[in-house]
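One structure is given here, and the rest of the page talks about it.
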Amino acid sequence: MTGTIIFVVAVVVIGAILVGMYNGLVRLRNQVRNAWSQIDVQLKRRHDLIPNLLETVKGYAGHEKQTLENVVKARSQAQSATGVEAQSMAEGALSSALGRLMVVVEQYPDLKANQNFLALQEELASTENKISFSRQHYNDSAMVMNNKVESFPSNIIAGMFGFKREPFFEIQDEAEREAPKVQF
Amino acid sequence: MWEAIRANKIRSRVLISAMGGTLIALGAVFGAVYHAEAGAAVGAVFALGIWGLLVLVAFTGGDKMLLMSAGAKKIEKQDAPRLWNIVEEMTIASGLGSMPDVYVIDEDAPNAFAVGQDPSRSAVAVTRGLLRRLNRDELQGVVAHEMGHIRNLDVRFMTLAAVMLGSIVLLSDVFLRSLWFGGGRRRGRGGEGGQAQLILVGVSILLAILAPFLARLLYFACSRQREFLADASAARFTRYPEGLASALEKISRPTSGKVGRKGANRALAPLYIVRPEGFRSLTGMFSTHPPLERRVSILRSMGGGAGYAAYEKAWKQGGGEGSLLDARTLSGDQSLSARQGTPEPETKKEAQETVREVLDVFDRLAGFLILGCACGVRIKVPEGYAKPTVPCTRCGRENPVPQAAEPEAATAAATGAATYRRKSGAWESFRCPCGRNVQISPAFKGEFKKCPACSRKIKILQPD
C-alpha cells in the first residue's frame with residue numbers, strides 16, 4: 001500500500017518536472033524566434049528610412065551622384081536578398097554605403113544644420129543601434145536555449161521532442177565586419 | 001539573467017513575508033493592549049486590512065500616483081525623439097515584450113526612475129535636466145539602468161515593499177497616537193491584571209518604535225543591492241559600462257548649485273537612479289543608494305568586459321562581500337566585451353569656447369592684456385594702449401588698465417611678498433609679480449588677495 005503511494009507520488013512529481021522542462025523549452029524557443037523577427041523588423045525600418053534621407057540629401061548635395069546611387073543600389077539589393085547569409089552580406093554593404101554617404105555629408109554645413117536632416121540622422125543612428133541590439137538579444141536568447149538543449153537533464157526532453165541548437169547570428173561578411181558604423 | 005531574476009523573486013518573497021509577519025504581529029500586540037481576549041485577533045485582522053487596502057491602491061493605480069506626485073508628464077515620440085528612440089533601443093536590448101511608457105519631469109535636477117507592476121506595464125521617467133546634460137551614450141546608460149530595474153522585477157518589488165513599510169509605519173503611528181490621546185479611557189477601566197497590562201503596553205510601545213526602524217533598514221538594504229544589479233544589467237544591455245559611469249559622474253557633479261527636488265518624496269527616493277537632492281547623504285545603513293563613486297569605479301573597472309561576470313568581479317574588487325549574482329547566472333554568461341563609444345559631435349558652444357581659448361593664447365603671446373570686466377565681457381587691450389582706463393564694450397564701465405601698476409616695490413617680487421595699494425574704491429586691477437592680472441571688486445575688504453594663477457598672497461592696502 002505504502003509502496004504504491006510512494007510510486008504514484010514519484011510518478012506525479014517526475015511527470016510535473018518533465019512537463020515543466022518541456023514548457024520551458026517551448027518558451028525559450030518562442031523567445032528566440034521572437035528575437036529573430038525583431039532583427040527583421042529593424043532592418044525593414046532602415047530600408048524605409050533611406051528614401052527620405054536621400055531626398056533630403058539630394059536637395060543640398062545633388063551632384064554627389066555616385067554616392068547616392070550606391071546607397072540606392074545597396075538598399076534594393078538588401079531588400080531582395082533572401083537567406084540569412086545573403087541577407088547579412090547585403091545589409092553589410094548597405095551599412096558601408098550609408099557610412100560613405102555620411103562622410104560626404106560632412107562637407108555640407110547647410111545640410112548638417114537642416115532640421116529635417118538632423119531628425120533623420122537621429123532616426124538612422126537609432127535604427128543602427130536597434131539592429132545591433134536586436135542581434136545582441138537574439139544571441140543572448142539563443143545562448144540560453146542552447147545551454148538548455150545541451151545540458152543534462154533538459155537535453156533528454158530536447159532530444160525527444162526535437163528541440164535543436166539555435167545558430168548564433170554572426171557577422172558573416174568580412175566587409176561588414178570592417179564597415180564603418182554610421183557615425184555622425 | 002533569467003536565474004538572476006528568479007533569485008530576485010525568491011528574495012522578494014522572503015522579504016515580503018517577513019514584513020507581512022511583522023505587520024501581523026504588530027497588529028496582534030497592539031490589539032492585545034486594548035482588549036485582553038479578542039484584541040490580538042482583531043488587531044491582526046485590522047493590520048492585514050490596512051495592508052490589503054494599500055496593496056490594492058498600489059496595484060490599481062500606484063504607478064500613476066507615483067508619476068503624478070513626481071510631476072511627470074507622458075510624452076510621445078515627437079516630444080523627445082532621442083529619448084524615445086533610446087527607450088526603444090533598450091526595450092529591444094533587454095528583451096522586454098513591450099515598450100514602457102516614457103515620462104518627462106520638468107525639473108532641472110538630473111535624475112530618472114522607473115515604475116510599474118510588471119514588465120508589460122511599466123514606465124520610465126527622466127527629468128529635463130538629465131536630457132539636457134547627457135549625451136546619447138550616457139542617456140542610454142541611464143535608461144538601461146531603469147530597464148534593468150523593470151527587467152529584474154525591482155519595480156514591482158519596490159512598490160510592494162514600500163507599501164508594506166508604509167503600513168507598518170502607519171500602524172505604529174496610529175497606535176502611538178491613540179495611546180497618547182486615549183490613555184485616560186483605558187486607565188479608568190483599571191484594576192484587572194494591571195501589572196500584565198502595563199508590561200504589554202511597554203512592549204507594544206517598544207515595538208511601535210522599533211518596527212518601522214527595522215523595516216526601513218531591511219527595505220533600504222534591498223534597494224542598495226538592487227542598484228548594483230541594475231547597474232550590471234545596464235552594462236550588459238548597452239555593452240558599454242562607460243556610458244552609465246560617465247552619466248552617474250555627471251549627475252553627481254553639483255553643476256547648477258542647489259537643485260530642486262519638488263517631485264521627490266520619501267516613498268519615491270529609492271526608485272530614483274541617484275539619491276534625490278535633499279535627502280540626508282547617509283552612506284550607512286539608511287542609505288537608499290550605494291555611494292556613487294563606488295558604482296562608477298565598479299563600472300570603470302570591468303576591464304573591457306560587459307557581462308555579469310565582469311561586473312561581479314569588479315564588484316568584489318570594489319569591496320563587495322558575498323556575491324551579487326548567483327553562480328548559475330555567472331556560469332551561463334558568455335564573456336562579453338564592451339563596445340566602442342559613439343563619437344558625439346562637439347556641440348557648437350563647446351567648439352566656440354575652444355576657439356576662443358586658442359585665440360586668447362595667441363593674443364597673450366602678442367602682448368595683449370586680457371581684462372575681465374565685471375559684466376563678463378573680456379576686453380583685450382593692445383600693448384601700446386596709453387590711457388589709464390578702457391571702457392567696456394557692453395556695459396561701458398571704465399576698467400582701469402594696470403599700468404604696470406606694480407605692487408609697490410619691485411623688490412617685493414623677489415621675496416614673494418607683494419603689496420598693492422588701492423587707488424580708489426572702484427573696480428581695479430593690478431599685475432601680480434607672476435604676470436597675471438588680478439582684479440579686485442569694490443566690495444573687496446580683505447587684507448590679502450590670492451592670485452588665481454600663482455596663488456601668491458598679495459597684501460592689499462586700502463586707499464589713503
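Here, residue 1 is simply the first one shown, and the rest follow in order.
Every residue gets a Cβ built from N, Cα and C, even glycine.
Binding of Zn(2+) is attributed by TrEMBL to B:His145, B:His149, and within the candidate set B:Glu227, B:Glu242, B:Glu249 the record adds B:Glu227 to that site. Looking at B:12-34, B:81-103, the range annotated in TrEMBL as transmembrane segment turns out to be B:12-34. Of all Cβ atoms in the shown protein chains, 24 besides its own fall within 10 Å of the Cβ of B:Glu227 (Zn(2+) binding site). Note on B:His149 (Zn(2+) binding site): other Cβ atoms within 10 Å of its Cβ, all shown chains, come to 27.
Separating the Cα atoms of B:Glu146 (active site) and B:Glu227 (Zn(2+) binding site) is a whole-number distance of 10 Å.
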